[in-house]
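Student: So that we are looking at the same thing, I have put the structure below in structure tokens.
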Amino acid sequence: MMNMKEDKKNTMDMKNMKHHDERKKLNSSQGKNEIIFPEVAESKKDNNGYKNYTLKAQEGKTEFYKNNFSNTLGYNGNLLGPTLKLKKGDKVKIKLINNLDENTTFHWHGLEINGKVDGGPSQVIKPGKEKTIKFEVNQDSATLWYHPHPSPNTAKQVYNGLSGLLYIEDSKKNNYPSNYGKNDLPIIIQDKTFVSKKLNYSKTKDEDGTQGDTVLVNGIVNPKLTAKEEKIRLRLLNGSNARDLNLKLSNNQSFEYIASDGGQLKNAKKLKEINLAPSERKEIVIDLSKMKGEKISLVDNDKTVILPISNKEKSSNKGNTPKVSKKIKLEGMNDHVTINGNKFDPNRIDFTQKLNQKEVWEIENVKDKMGGMKHPFHIHGTQFKVLSVDGEKPPKDMRGKKDVISLEPGQKAKIEVVFKNTGTYMFHCHILEHEENGMMGQIKVTN
């Protein structure tokens, strides 16, 4: 027969179990901010056939809410990290740099590699130190991820921003969407709590698993997704510290479940709901071709909106725009401004073009984790024609001959450029302080 002491202990245990299983209320996304997608990490192949990457764990600042900057962590940036795209058979070499003020490791979650380079707690890289690892990819296509794994600071470092995706790309042809950032979309779902609109792990930490009240997708608060009327592939990662997700579409539409943690299924499954545990990945394909302006949402537990999805029609001009020959990426704010990652160098010619030759330039104002700002882009010595903005016909006030085009963060335009004279000309942001801080390049026009 149970005595009173044992009965009291069991009652307390039951209360604790109930408490541990409770989910903190998660507020729905208001759908105010378009999500952005992590950049794809660049690699260089060396003479031994290795693809060389560099990943740097570093401190940063992120404006989750306007004019409120949080201290965050990121790989090669302020928050999260670039996507590594690998293929089966690739030989890979990665320089790992710790620019934090505490120990960290680089763990390759789901990657089947030698334990010496797995990045567990015993493989610490001290502050200010670096090391280089090598491995060969020996598994089929899958969506994996990388994150720190130091003891005892894994939870804190992941919560503050250290996460990134690693793709082993499709090894065989299939009909799944594969255009990164267009219809093949990396979706990192996390939950966090903000204190006075700022991230503060120490004030929100829970030893039984930290859950937040605010949903983020790819580091964006109140996220939304605008997609074309076509099939889209969502590579879902539950990057939360502790929250389980039960995901479905708000209109109860079915979708194709095509891949689990370990890779693609032999046969896709038609489902209406999936569970996603912390660190788990699943890939689904949603058919938006019949939406015709309808709005749906990816929801958790039937009610909490994780990601509103709205529809934009396919461009009627698809295929009519000539091939792009030059790409311009405008990035940054203040004195951290660049064009294609470079500061102006008077001794460097960035592009060349033939006299009287029509070329199409693609101008992109990159929206980063700080949000970015509008940049007016100017080319010397010519007048150009705006062909499209974000794949659509340009607005009426952008038509006619122009020498300046102003783009909001995240916007991308195509312009037709012809030079009628030879020589070396400048192209730059026409915010004068940005120009003087190096947001400028040179093009040489020859016969």
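Placed from the backbone N, Cα and C atoms, the Cβ positions cover glycine too.
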Student: Using only what Swiss-Prot says about Cu cation 3 binding by H149, H428, identify which of H336, H380 is listed for that site too.
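Tutor: Looking through H336, H380, the residue Swiss-Prot assigns to the Cu cation 3 site is H380.
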Student: Quick test of your reading of Swiss-Prot: among 1-28, 113-140, where does it put region 'Disordered'?
Tutor: 1-28
Student: I'm trying to understand the geometry here, so how far is the Cα atom of H149 (Cu cation 3 binding site) from the Cα atom of H107 (Cu cation 1 binding site), in Å to the nearest whole number?
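Tutor: Spelling it out, the Cα of H149 (Cu cation 3 binding site) and the Cα of H107 (Cu cation 1 binding site) are 6 Å apart.
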Student: Counting other Cβ atoms within 10 Å of each residue's Cβ, which of the binding-site residues H107, H149, H378, H428, H434 comes out lowest?
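Tutor: Relative to the other binding-site residues in H107, H149, H378, H428, H434, H378 has the fewest Cβ atoms within 10 Å.
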Student: Would you list the other residues of this chain near Cu cation 4 - those whose C-beta lies within 8 angstroms of the C-beta centroid of H375, C429, H434, M439 - in sequence order?
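Tutor: In sequence order, the nearby non-listed residues are L330, G332, V337, I339, P376, F377, H428, H430, I431, E435, M440.
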Student: What's the CA to CA span in angstrom from H434 (Cu cation 4 binding site) over to H109 (Cu cation 2 binding site)?
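Tutor: Pair distance, Cα basis, whole Å: 40 Å.
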Student: Measuring Cα to Cα, how far is C429 (Cu cation 4 binding site) from H378 (Cu cation 1 binding site) in Å?
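Tutor: That separation, Cα to Cα, works out to 6 Å.
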Student: Can you count the other CB atoms that lie within 10 A of the CB of H380 (Cu cation 3 binding site)?
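Tutor: So the number of other Cβ atoms within 10 Å of H380 (Cu cation 3 binding site) is 14.
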Student: Using the structure shown, find which entry in H109, H375, H430 (the binding-site residues) has the sparsest Cβ neighbourhood within 10 Å.
Tutor: H430
